[in-house]
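Peer 1: What follows is a structure written as structure tokens; I'll ask about it next.
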Amino acid sequence: MCSMIVTVTFVCTLIITPAIANDICTANALPRVPASQRNLHETFQRTSLLYGLSTIGNEYLIKQECQEQLQLFQLGVRTKMPWAVKMFDASASLEPGFTFGHNFWLGNSEVCSAVSRQTHVQISTYLRHQMKPELLTEVAPFNVDFRVLYLRHNSSWQVDAAVIAFASRLHVGLCLPSACTAHEVQQLVQAYLSTDLNAANEFYEMNLQYDYAKDLKLKSTTFRRTSFYLTCFFLATTIALTVAASLLRKSQDLYKANANIRNSRSTNGNVLETTNTSGATIKPHKSELDLNVTSFIACFDFDANWLHVFAPAKVEHTFAALNGLRFGSAICVTVYHYLMFLFHGTRNKVTLYNYQAYVGNVDIFVDIFFTISGFLQAYNHFRNVKLLAVIRQNSLKQNFKLMGLHLFHRYLRLAPLYFLTIGLSDFGSKLLDDISVFHIEHKVYENCEKYWWRNVLLIQNFFDHNDMCGLWTWSLACDMQFSILATVLLFLYVKHPKRKKLCLAALTGTSIAYTYTFGLKLNFDQTIEATFTFLTEIYTHPFARILAYMCGGIAGWYFVVQKPTEWHFTKQIQHFFDYLVALIFFGCIFIPTNHNFSVFTSTTILLFERIIFTVTSCILILSNAHGRMRWFFRFFETTFFQKFNRVAYAMFLINPIVVFALPGFSRSNLYANPLSLFAEFIGLLVILVLLSTLLTLLFDIPYQNLSRLLIQYQMRKKVD
């Protein structure tokens, strides 16, 4: 029995041994994958989204062509083929700074362009280089496109200030084969993210979800928008009128020269007709026959408008400093817009957020514009003795007609440049949304399509700020609404002074009650985060801003109607109060906010800051009018501020468009630091002043001239 068992065991051993030997030989014959390459494969699969997509593609998700090209890319990376290395390098991977808001994994679009075409770099063939020459010459066997994927996350490992630019959305730039359609890419990304392959997704607990993708190419639909056609028509019409005005000016100069020659040759200075050598009568110039058309075209005379804008500064003017103060305030607003719009393309968002939080008290700073506007409206109204007499004599119907004419002319002066800005914003935002690598959270063009009529009526600030077509235009709407209300109250004051005082008291109480109601309801705590979140209620609503306009109007009335009060103080005490007013004015702007107070206290502080800042601004305006505090206003009366005061309106309207274009057209994210921000802002300011000057000459001054022309025509009509 034992011998039989031994025999069977021996036979089995003889049978199995050749098979094992054969397997060993076969294994030795197959090429081994180095451990380092296997490690690289696993690392790339977990860190590079493009490489990870190439490892999960199959015929059920994508078409064969796309799958084959992705597999070819994967093989090229493993074998370190130059075109594949460039394609890998051009695609995004995890970047540092995620915890502080860095969501821009943009890759490199220029390197992606070099994947499918040769790159020409001027280098010497006689100098030694370490690089592989194939990096410049070798191209992929298929076409590639650079695309940006937008992935949402809900990670708690990232600072998420409640500001629009802190949106939880990753920007991932990939150099993908052109054969892969948008739908196929979406399928691949969703399949990849559903696994635990991506290291960043797993480590930061992102729970990434595919949102959408962009190919960064122009869309024909962008150039078929109504705003594009209207803007082009408006530009072409204005330029044509400007050219016509220039030709008309030359023809008028020629006609005047010929008339002077004829007058010098005439023996009778009262001759109405001049006869040439053939006996024919020389008729008057056409400009004398078509006075209305000629006058209309002359409003667009570029040379005359240039002289008007850059006329010699009149420093002796009563309110010369206000012109400088308005232009200086426009520069400060531009600084704030610059910091705000840089959020969309900055990788150190928290740092920039802190810059913005401490640059100034934005909650109250813009009140300076409303205070100046209210002061000037009341001042111009009460110093016009003839107008006051007409209002007293007119009936209610006549006064309503007069108010309507006043508001029409104000709208005519503001509307052209304002409408041009809206058109450029609508078209420009759609263009930017097509080709920018950054996601645009506040899509202006969508709001303009739906709510353009609100901007036409200047009532956009009554609605949610997220629905505004041009968020920065809220102050223009407020100013127009305050102007309408002030016009009614000023007319009412001439007829019934006591009723106006009751109206002012009611408006003051309403504004205070409104601020407390919404401050307590929304838990306002004076942070910049709360200001952005409750922008509609706390910042842009007319009831939140009306106190500044009313206070300015009262100061204008006081300056014209009331006699200046003589205060018998020593010079030291007068200087002390002057410095105190200036200190309070700047203190209200730059005072750091304290977040340790209760909601009621924070709301009260906000209200008192607005009141104190507005009253201080009025005191400064009156001091300037009475020739006081020359040391303070001398800076704002300089030639620079006086000459560029007229472009402040255009600068206010156009600066957000230019500022937003800086990060919008960039192909990479920005890093904000004080030195680079300062240098860039200086260049931006120069561009804005030049552009605002051109827009003022073409779209602002001509329509102001037209408004004056209509007023003169109405006055002549009344006289006739």
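Keep in mind that glycine also has a Cβ here, set from the backbone N, Cα and C atoms.
Note that TrEMBL annotation is computational and uncurated.
What you are looking at is a predicted structure, and each value in this text was computed from that prediction instead of being measured.
Okay, these came from TrEMBL:
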| type | residues | note |
| --- | --- | --- |
| SIGNAL | 1-21 | signal peptide |
| DOMAIN | 63-207 | domain 'Nose resistant-to-fluoxetine protein N-terminal' |
| TRANSMEM | 228-248 | transmembrane segment |
| TRANSMEM | 324-344 | transmembrane segment |
| TRANSMEM | 364-382 | transmembrane segment |
| TRANSMEM | 471-493 | transmembrane segment |
| TRANSMEM | 502-522 | transmembrane segment |
| TRANSMEM | 542-561 | transmembrane segment |
| TRANSMEM | 573-593 | transmembrane segment |
| TRANSMEM | 605-626 | transmembrane segment |
| TRANSMEM | 647-665 | transmembrane segment |
| TRANSMEM | 677-699 | transmembrane segment |
Peer 1: With the transmembrane segment (542-561) as the reference, find which of 324-344, 364-382, 573-593, 605-626, 647-665 contributes the most Cβ pairs under 8 Å.
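Peer 2: Highest pair count goes to 364-382.
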Peer 1: Going by DSSP assignments with H, G and I as helix and E and B as strand, what are the residue counts for the domain 'Nose resistant-to-fluoxetine protein N-terminal' (63-207)?
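Peer 2: Counts, helix then strand then coil: 59 helix, 21 strand, 65 coil.
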Peer 1: With a cut-off of 8 Å between Cβ atoms, can you find at least three pairs linking the transmembrane segment (677-699) to the transmembrane segment (324-344)? Only pairs 6 or more residues apart in sequence count.
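Peer 2: Result for the transmembrane segment (677-699) with the transmembrane segment (324-344) is yes.
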Peer 1: Go through the chain and flag residues at least 6 beyond the ends of the transmembrane segment (647-665) whose CB is under 8 A from any CB in it; none is fine as an answer.
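Peer 2: 309, 326-327, 330, 333-334, 337-338, 341-342, 344-346, 414, 417-418, 421, 424-425, 428, 432, 435-436, 438, 440, 470-473, 476, 680, 684, 687-689, 691-693, 695-696, 699-700.
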Peer 1: Test of understanding: applying the rule of at least three C-beta pairs under 8 Å (pairs 6 or more apart in sequence), is the transmembrane segment (364-382) touching the transmembrane segment (324-344)?
Peer 2: yes
Peer 1: Give, as a single whole number between 0 and 100, the mean pLDDT over the domain 'Nose resistant-to-fluoxetine protein N-terminal' (63-207).
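Peer 2: Averaging the confidence scores along the domain 'Nose resistant-to-fluoxetine protein N-terminal' (63-207) gives 90.
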